Amino acid sequence: MAAEREPPPLGDGKPTDFEDLEDGEDLFTSTVSTLESSPSSPEPTSLPAEDISANSNGPKPTEVVLDDDREDLFAEATEEVSLDSPEREPILSSEPSPAVTPVTPTTLIAPRIESKSMSAPVIFDRSREEIEEEANGDIFDIEIGVSDPEKVGDGMNAYMAYRVTTKTSLSMFSKSEFSVKRRFSDFLGLHSKLASKYLHVGYIVPPAPEKSIVGMTKVKVGKEDSSSTEFVEKRRAALERYLQRTVKHPTLLQDPDLRQFLESSELPRAVNTQALSGAGILRMVNKAADAVNKMTIKMNESDAWFEEKQQQFENLDQQLRKLHASVEALVCHRKELSANTAAFAKSAAMLGNSEDHTALSRALSQLAEVEEKIDQLHQEQAFADFYMFSELLSDYIRLIAAVKGVFDHRMKCWQKWEDAQITLLKKREAEAKMMVANKPDKIQQAKNEIREEIEEWEAKVQQGERDFEQISKTIRKEVGRFEKERVKDFKTVIIKYLESLVQTQQQLIKYWEAFLPEAKAIA
């Protein structure tokens, strides 16, 4: 049967019909001798013809040149398709490619060969996101901790100093690990510098912890008690979270003031950070003025995205405040429960000591010990409620205030642009009136002056439009990054919080199961 079949000539210009080869069993038995007698082709012959001809930039079926016999197609059928073939180059170079250094080639090539219905822009957009994620991962290779609070000085001149430790592999820093001492006003000074640089152009600057005059006064003049120790620990944890959020921002991380704060052993004294100073009063006045201006500005919002986001953040702010109040009440409830449990344990122990029945006395003593352990569990859970959940809500209430702040700056930018347009219109109207007036002796000089003013205000209008478009673009990007971080933070904290609850309940079960035999032993 194989002898009767003659292979068609390869130069007849017809594409290979693989349906005619289905019954050719002898094709496969002759491949070994064919391979031995034929030199290897410089180009891979294992590419299917339909894959090559599917692309308009690739060679036509008539241009596919096999070595000696078409049986070589099947002889190499077990080899993998080479993605480095020159015949594949037109497919990959038909469109401009973004920078794909961090991404392996298979992530870009494989989908385009196997799934022709997928459009190239989708692949490139997805690769760009992957590149950005990997780049962000490298940028955020930095760990910051705030520890060792230490009281420096005596009386009202005393202050708390904290050790800020940084571990990083970023080349922008001189060392991979370093630590410095910073006081609370240094943190406030850092935030003030960053806010003055980046807030008005649309960047969300994480807010620093708020001052507490009452709490710090207790630390300065009072003795070390539980309330002052708790206040210092709360502030230490808040400062640590503030720095961690700040260095996560790729733009803020590049700022020289932040690097100086983390590296420099000595910092210039931060000024204008006192709550009751003249600068503090001026800040309160400016906030009140901004609130009044916000009510008077009537912005015609043409972008539905900004209108929707502003409403979303308003609702989110209200719900977070309600939840924060509920969690604060829960923390107080657990502390009260802990105190009542401790009182119950003390009463049970006293009753056990006065009991004459041996088994009952022993059971009451064991019950008192269990209640003391449960009291400790309630205290630990109250701390978990506060440091895990309540502080997260408090941080995001302040962060949403910062988000609202960039929206307000966008409104101010629009108002500045709008004022420039109104002034330009008035200047043009004045020029038109001047042209109508019949005063040739004064018109030329005035015309030149008004023309210079018009050109100046035209430049201001163009600059205002560019500034408004730029801040809108920046805010869109910042809000997207903020939403990702918010979801990630809440997921992490909720999981840790639930794990702490589960651990507490499991420990409670162990305590009561261990006490149960003592109760049953009463006879």
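Each residue, glycine too, has its Cβ placed from N, Cα and C.
In Swiss-Prot, the annotation region 'Membrane-binding amphipathic helix' applies to 278-295, one of the ranges 152-169, 278-295. Counting only the Cα atoms, the space from LYS473 (N6-acetyllysine) to SER185 (phosphoserine) is about 33 angstrom. Around the Cβ of SER185 (phosphoserine), 17 further Cβ atoms fall within 10 Å across all displayed protein chains.
Across the domain 'PX' (140-269), DSSP assigns 65 helix, 28 strand, 37 coil. Residue environment of LYS473 (N6-acetyllysine) contains 11 other Cβ atoms, counted within 10 Å of its Cβ in all protein chains.
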